[in-house]
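Below is one structure, written out as structure tokens; the observations come after it.
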Amino acid sequence: MMKRQLHRMRQLAQTGSLGRTPETAEFLGEDLLQVEQRLEPAKRAAHNIHKRLQACLQGQSGADMDKRVKKLPLMALSTTMAESFKELDPDSSMGKALEMSCAIQNQLARILAEFEMTLERDVLQPLSRLSEEELPAILKHKKSLQKLVSDWNTLKSRLSQATKNSGSSQGLGGSPGSHSHTTMANKVETLKEEEEELKRKVEQCRDEYLADLYHFVTKEDSYANYFIRLLEIQADYHRRSLSSLDTALAELRENHGQADHSPSMTATHFPRVYGVSLATHLQELGREIALPIEACVMMLLSEGMKEEGLFRLAAGASVLKRLKQTMASDPHSLEEFCSDPHAVAGALKSYLRELPEPLMTFDLYDDWMRAASLKEPGARLQALQEVCSRLPPENLSNLRYLMKFLARLAEEQEVNKMTPSNIAIVLGPNLLWPPEKEGDQAQLDAASVSSIQVVGVVEALIQSADTLFPGDINFNVSGLFSAVTLQDTVSDRLASEELPSTAVPTPATTPAPAPAPAPAPAPALASAATKERTESEVPPRPASPKVTRSPPETAAPVEDMARRTKRPAPARPTMPPPQVSGSRSSPPAPPLPPGSGSPGTPQALPRRLVGSSLRAPTVPPPLPPTPPQPARRQSRRSPASPSPASPGPASPSPVSLSNPAQVDLGAATAEGGAPEAISGVPTPPAIPPQPRPRSLASETN
């Protein structure tokens, strides 16, 4: 028994790497040997693929249609959508879309269930039979044949040995009738019978194995059809799913499109302005000049011509975004952006840069570069004029409009610091750039050089705008914006900016109103208290130099300054001011300079009074006896000038009509009443004002 097992192990060790065995090789031809080698790989492939396909199934394997659909994730998604759209308005866009999505998910779940059931029937079950039944049966016959052949070979060896032993015993002189000879002969006969029986079994098993191999060869094509059928089932599943999705999407888009074209939605639909070609934009809106160009130019003409660094300083991103949105949605509501010229300039640059094709066109790029490379000014101007004539009509009209505006902007370069060169640097790359080409570093360097030439082209266009684009231009082409002329804007700016801060002009000669009644003593005391409070709170400053201006030119600035220096009125004092001791005396008044008493000469206003908290008194001030004179500090005990308008004896009150007139003049100018009253009163000869001693001012302060 041990010898037989050892012989069996030796036979298994002699089996080739290709699966060939010496027991079966002698019964198979070369073709059947190759078929035999494909049995084990085919069995492993069928088993592994069946296992992975089974894992791809989403439903319950082997269940009927309804149970399988309930277990699918798509059906769970459909159920969730059905529960969700019940809480929404069924007439809303979201409710309709969710309802349609719920229905299509349910349909897709049923298609998936049908796909899985077909896959199980046509692919999974045949692969399972192949890997679990058919191929294992063939391999089982192979193993049986190998065992029978091995046993047959062993039996033949024993028979051969027994026959040899029987012949050797006869050769040694044993009689044929002896017991040992009889026993050996019986053994040989028994082995021959066993060998013949085993040979018959080997031949029978061999025939069965060969039949299995031939059957496998004939069925091998059908086994390959399992995988073809898998792809067909998948294609049919995806085709049905796609058809259902296309139908649902068409219906959903149709319903959603009707909702978009409803009156409420149409009211909020605005045409695109930025990022659209110039010709398309002008055709859609029926304009001659692009809306962003005209709107930004009109706003800049209104507020931004004197803004320093215009087009160079960047604006806030949020303001710029809101301006661009308002430009497309409601161009009539752009007034709020007029106060931010940098945002308006940024919107104009953004529009020019976002054009699909530059305003000066790609086709004429090389022509612009050649014109800019000319050194002689006359030839360059002629070349630029020729290139301009070749522009499309809509590009030419918009370029002419823009260059006229930029030339107007350059006229204010003393204030806004934007020379034609500076304007060309910031706007040139937005008006012309080369077509995009994939290239090496040399082409990139050439592009940077061309940008410098573009700046030269735009600068020449700005400088020669009147020559290249002759004739006047109406910037308010569409009439959509309020026509604000540059001259009005400049005069308004000058009136508000050129405000003298060191002089009070002579009031305009207007008809004087009726003389006011004589003031009561209380106002005089109030004026004196106000003056003393002002002198005690504010330290003295040296007198400012005079600035001589004609009355018509300076009336408006003074009024504007008085308006800007208004402060809350101080509280009225309830008691008279303290009196200065009589030991103090005033020095003699210096002689007046020639021409200082003329009505047309403005008098200096102390700088400390500008921006102070002084307000006009609530009662009319006393009429001054003399025209305005240079402000001089005066002793508190200096005699007051006699006034014909004040009744009664002259009072030694510190509220005299020299310095108090200076104090009240600035305050009264804020109310607009005092200067006119002063100019209409006859001026009798007056005592010159006495300067206030420096020692007295220091003691008082």
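Glycine is no exception: its Cβ is also placed from the backbone N, Cα and C atoms.
Comparing Ser262, Ser651 with the features listed in Swiss-Prot, the residue bearing the annotation phosphoserine is Ser262. Candidates Thr510, Thr626 were compared with Swiss-Prot; the annotation phosphothreonine appears at Thr626.
The motif 'SH3-binding' annotation in Swiss-Prot falls on one of the ranges 196-205, 606-615, 616-625, namely 616-625. Checking Ser92, Ser243, Ser264, Ser656 against Swiss-Prot, you find phosphoserine recorded for Ser264. Candidates Ser175, Ser586, Ser598 were compared with Swiss-Prot; the annotation phosphoserine appears at Ser175. In Swiss-Prot, the entry for phosphoserine among Ser544, Ser643 corresponds to Ser544.
Sequence-distant contacts of Ser241 (phosphoserine), defined as residues of its own chain at least six apart whose C-beta falls under 8 angstroms from its C-beta, comprise Leu108, Ile111, Leu112.
Here the Cβ of Arg312 (site 'Arginine finger') has 16 other Cβ atoms within 10 Å, regardless of which shown protein chain they belong to.
Across the residues of the domain 'Rho-GAP' (276-469), the predicted structure has a mean pLDDT of 87.
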